[in-house]
Structures are given as structure tokens and as C-alpha cells.
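This is the structure I want to talk about, given as C-alpha cells.
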Ligand SMILES: C[S@@+](CC[C@H](N)C(=O)[O-])C[C@H]1O[C@@H](n2cnc3c(N)ncnc32)[C@H](O)[C@@H]1O
């Protein structure tokens, strides 16, 4: 006799992450690691069934989502170095990328996660509570609504930094992010390989919204891991 009988089921092994237990995590994430382990654990259990990550991402949550998001941290730090109010708006946070990860890494910064979809807002609220993050506010809104409130001085002030990943092309994104920023603030957008072409195409929209020096930089994700691309735009 060989193999399984017809109709029998084979229990699949629980999926583990390729970087589980790697010393690289503590090297890159430092003191934020315990909070991000809670986030990682929740993503592994609930991320795919709740539609926050793709089925093929489950074995690479650390690299594709958490370490990739953490790549924005040095750019935020550099921008807020001399700022009294270290405020960051993360647009279209979805499952929490990059906003929740950056907030765990920068406890001395105040993060506002701006996300219009109700079930994603519920997820973000749960994560903030379970991770014990004290520096995060989740707002259910589109970015344009927050921009309108800032313009009307309706209890909101311009931010030092705006972050985002996978929200829209730069032609649209410049209008959804640059008006959120104070003078000398900075947009830090995680982008794919088409980043340069996107900023070339959006040159007019960027300038119209007071954006200057749009550029693409390569950002470290971790030793031995493929770097990612970040678009930086300064606000005049
Ligand atoms: C493709 S998801 C990316 C989510 C997350 N940033 C990531 O990298 O996994 C895009 C997110 O942007 C949000 N979004 C779309 N339009 C938006 C707007 N005008 N303002 C703020 N968020 C928006 C969507 O609800 C969605 O959660």
C-alpha cells in the first residue's frame, strides 16, 4: 500500500515566518521588537483571513511588511531632529504599514493614522491597544477631509512628516499628502521600482502643492535583505 487513501485529508503544517528567531530582527528593530512581535503574531493569525495581507505574504510578514515599513524610520528622525512637535500623519494605513511599525520604533513621536475603511480602522484600534502604543491616534477619514480640517483650523495642525505605502500614484498622492505638512515638513513615501517615473510624471502637481526637491533614495531594510525605495519631497 502506498500514500493516502482517497478522500483522506492531510493536515497542513502551521505557517512560520522565514525570519522568526533571526538575530537580524533585534539588530534592526531594537527596543521596538517586543511590541512588533505582538503585531507580527496577530498578523500571522488574523492578517490573511481579515484581508490585510495576501495569502503568499504569511511566510514573509517580517521582511515584506514590518522591516519594509521600518525603512521610513531614519527619514522621519532626520526630518524631526530639530522639531519641538514631532508629529507624523500616516495616510491609508490599512493593516498598519508603515504607521504602526514606525510608531513602535519612535515612541517620542505622535502618530495619526488616517484610514477611511471601517474594518481597517477596527483592526488598527485593536493593534494599538494590544501593542500598548501610547503615541498613536487612529482617525477614520480620507486624507482630503483632514486637509480641509487643517485649513479651517478645526482642532488640527499641520504635521512635520507624512508617510504612506501603496496608497496612490504620486500624481494623486501629492494632493493627499503635501497639504497636510507644515513648512519644511517632509513626505516620506515607500514606493516600488517605478518611483522615479512617478515623480517625473507628477512634477507639476508636486510643485503646485508646495513640494520641492522630489527625489528617490534607496533605503536599507536589513543586512542581506533587498533594499527598498523611498520618495522624499520637502515642503517649501
Ligand atoms: C493598498 S492599501 C495599502 C495599505 C497599507 N498602507 C499597506 O501598505 O499595506 C491602500 C489604503 O489606502 C486607503 N485610502 C484610499 N484612499 C485614501 C484617501 N483618500 N485617504 C486616506 N486613505 C486612503 C485605503 O482604504 C487602503 O486602506
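Even glycines carry a Cβ here, placed using N, Cα and C.
Straight out of TrEMBL:
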- 92, 97, 143, 144, 165: S-adenosyl-L-methionine binding site (BINDING)
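Looking at the shown structure, what environment does each listed feature sit in?
According to its DSSP assignment, residue 144 (S-adenosyl-L-methionine binding site) is helical.
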List nothing but the largest Cα to Cα distance in Å, as a whole number, among the residues 92, 97, 143, 144, 165 that the record says bind S-adenosyl-L-methionine.
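Binding-site diameter by Cα atoms for S-adenosyl-L-methionine: 19 Å.
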Can you tell which of 92, 97, 143, 144, 165 has the least company, meaning the fewest other C-beta atoms within 10 angstroms of its C-beta, among these binding-site residues?
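Among the binding-site residues 92, 97, 143, 144, 165, the sparsest Cβ neighbourhood within 10 Å belongs to 144.
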